[in-house]
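Before any comments, here is the structure.
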Amino acid sequence: MAGMKTASGDYIDSSWELRVFVGEEDPEAQSVTLRVTGESHIGGVLLKIVEEINRKQDWSDHAIWWEQKRQWLLQTHWTLDKYGILADARLFFGPQHRPVILRLPNRRVLRLRASFSKPLFQTVAAICRLLSIRHPEELSLLRAPEKKEKKKKEKEPEEEVHDLTKVVLAGGVAPTLFRGMPAHFSDSAQTEACYHMLSRPQPAPDPLLLQRLPRPSSLPDKTQLHSRWLDSSRCLMQQGIKAGDVLWLRFKYYSFFDLDPKTDPVRLTQLYEQARWDLLTEEIDCTEEEMMVFAALQYHINKLTLSGDVGELASGDLGLDDLDAALNNLEVKLKGSAPSDMLDSLTTIPELKDHLRIFRPRKLTLKGYRQYWVVFKDTTLSYYKSQDEAPGDPTQQLNLKGCEVVPDVNVSGQKFCIKLLVPSPEGMSEIYLRCQDEQQYAQWMAACRLASKGRTMADSSYASEVQAILAFLSLQRAGGSNGGSGNKPQGPEAPAEGLNPYGLVAPRFQRKFKAKQLTPRILEAHQNVAQLSLTEAQLRFIQAWQSLPDFGISYVMVRFKGSRKDEILGIANNRLIRIDLAVGDVVKTWRFSNMRQWNVNWDIRQVAIEFDEHINVAFSCVSASCRIVHEYIGGYIFLSTRERARGEELDEDLFLQLTGGHEAF
C-alpha cells in the first residue's frame, strides 16, 4: 500500500509523489500532490485527485493530459508503469470537451463544445451529428488563417456568434424531429434561430467586404488553404488547439454521397454556401457566362429565402412522399426489361459517329480546325479524313481512359469545344474537338467524361450526364426576350428589387463591369431559373459548380524526385494531376484506379506511389506536410467504398488505416 511509514515518519515502500495540475494547461493552475506507486492504476489516480480537490461537481468528462508526451491517459485500467509515468511528468486534470469557435461553410460563426481527446475523425462526426449534417466523413476541420497586421488598424465588424455549448446529445441515439427540425434545436428561440441559420441560405455579402477578403492570385496561393487541414487521426490537443480557438469546418472531400434534400437540409445548404464562396473568393475559376448563371441562381435563392418561400415539407407529407417514391421504385423493378431488350443491351456496344472539327496544337504551325469523320466506341476515339474511309485504318486513334476532359464553351458565341489531354509517353497529348451545336456537344462531352473514368456509353449514367450538360448550357442561354428588347428584361423582374450585382459576382467581374452592365445580364439569366423552387435552385447551383473544369481539385506544391523545380500536385476524387507551376498546364495525370500502392517515408517526408505498368512516382511536399497528401489519397479511396445498403454506418477503423500516419510530433 502506497505511503507506509516508519515511526520516524520515513517512507519504507516504493511510493513517490506525483503532482497533478487541476484545470487546463496553465502553469499557475491549482495543483494536488498524490502519493502513488508504479502499480497505481489511472482510475485510482483519478479518484485520488477528486478526493483531494474535495469539490462536488460532475467529474465524468475529466481526464489526465500528459504534456511532455502530448497524450491523454484514457486507459483507466493501465498502471503508471505501463504508461511510463515518473515523478517529473507534467500532468493536467481537465475536461475532455471544451468550447471552440467554428466558422461554417456559410461563413457564420458558431460556438460549441468539442472533444479534445478523441481522434479528429470522431470529433467531426460528433459536431456534424449536433449540426444535423449527414456523412461527416466528407468534412474536416482546418486552422483559421493567421491575421496579417495592418498598418492602419480598422475596427472589424462585430459578428453574431450562435452558442450551442449547452446542447448535449445522448450518445448512440439518433436525434428525433420536432416541428420540422431536430428536437435539440427546438429548446429555445436562440437554438431555433441557429437551426434556421444552418438550414437556410445566407443573404449576399457586402460588396466592400467581398473586395477586402483575401483571394488567391496564383496556383501557389491556392496551395496555402490545403496546408491548414488538421490530422484526422489525432485529437485537437495533440495538434496544439486550445479552448476558444477558431477553426473552420469545410467539406474536404469533393465526393458527395446520397445527397437527399428531404433529409439533408443543413448539408445541402452548407454545400451550396461553400460552392458560392469558392466562386466569390475566386478559389475556383469560371467564365463570364458561367458567372452570370451563378449570379442569377444566387439572386433567385436570395429572393425565395427573403420571401419565406423555403419549400419546407410538412412532416405529414414527408412519409407520403417517401411511400410514393418507394412504390414508384418497386413499379420500375417489377416492370423490368423485356428479355430481348436485355439481350440487345448486352450485345450492342453504343457508338457515336459524326462529323467534328479537330485541332491538334503543335509548335510552329498555323493550321486551324479541320473536319473529320469521328467514331467513338468503348473508350476509344478514332477519326478519319472522310466517312468513306471509316472501315479502314484511322488517321489517329486515341484511348481516352485516364485523360483530362476540359470544356471550352461560349454559348452566346456558339462555341462548343472539348479539350482533351490524353496521356502519352511524352506527357499529355493535346487535342480539341469542336461540335456544331449543344446537342452534339452534350453527347460527345458525356462520352469523353465517362471514357476518362474507364466507362463506356453503355453505362447507366450516360443519359443523365447528357441531360446535366444540356441543363447547364440552357442556363447560359439568353432568356426568352423578344427581338430588339436586348438588355431590357421584361415582366416583374425589371425593377430588380434587392439586386446588388456586386454581391453576386467575383471581384474580378466587379472590376471589369459597372453595376448597370451586370444587372440586365443577371436578370436575363434569371429568366431561365425563375420557376425553380429553393431546393431545386440550390441543387442546380451545386451541379453547375461540379461541372466546372477545376471543380474538386486540391492543390499542394511538391518537388518530384529527380526534378530541380517545384511543381503543383492537384488531388481530385479519382486522380492525381501534375501541373506545371510556371504556366499552369497539366503535365501528367494518374488515376487512382491504376494505383497499386502508396507509401510515405516520414523520415525524409517523401510520398512514393506505384501504378500499373511499373510506373513509379515519388515527390516531397513543399507547401504542406506529406501527411495531407497521404490523407487525401486514403480518404478518397475510403469514400469510394461507400454503399447505399450500409446507410450511414462508417468503418472508422478502415478510414484510420487508410489515412493514419506515423509522423513524429
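Using N, Cα and C of the backbone, Cβ positions are placed for all residues, glycine too.
Just so it is clear, the model here is predicted, and its values are computed rather than measured.
Features as listed in Swiss-Prot:
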| type | residues | note |
| --- | --- | --- |
| MOD_RES | Ser8 | phosphoserine |
| MOD_RES | Tyr11 | phosphotyrosine |
| DOMAIN | 229-556 | domain 'FERM' |
| DOMAIN | 357-453 | domain 'PH' |
| MOD_RES | Tyr502 | phosphotyrosine |
| MOD_RES | Thr589 | phosphothreonine |
Checklist line | Secondary structure content of the domain 'PH' (357-453), with strand meaning DSSP E or B | finding: 18 helix, 46 strand, 33 coil
Check: What three-state class does DSSP give Thr589 (phosphothreonine)?
Finding: strand
Next item on the list: Pop the mean pLDDT for the domain 'PH' (357-453) in here, whole number is fine.
Entry: 88
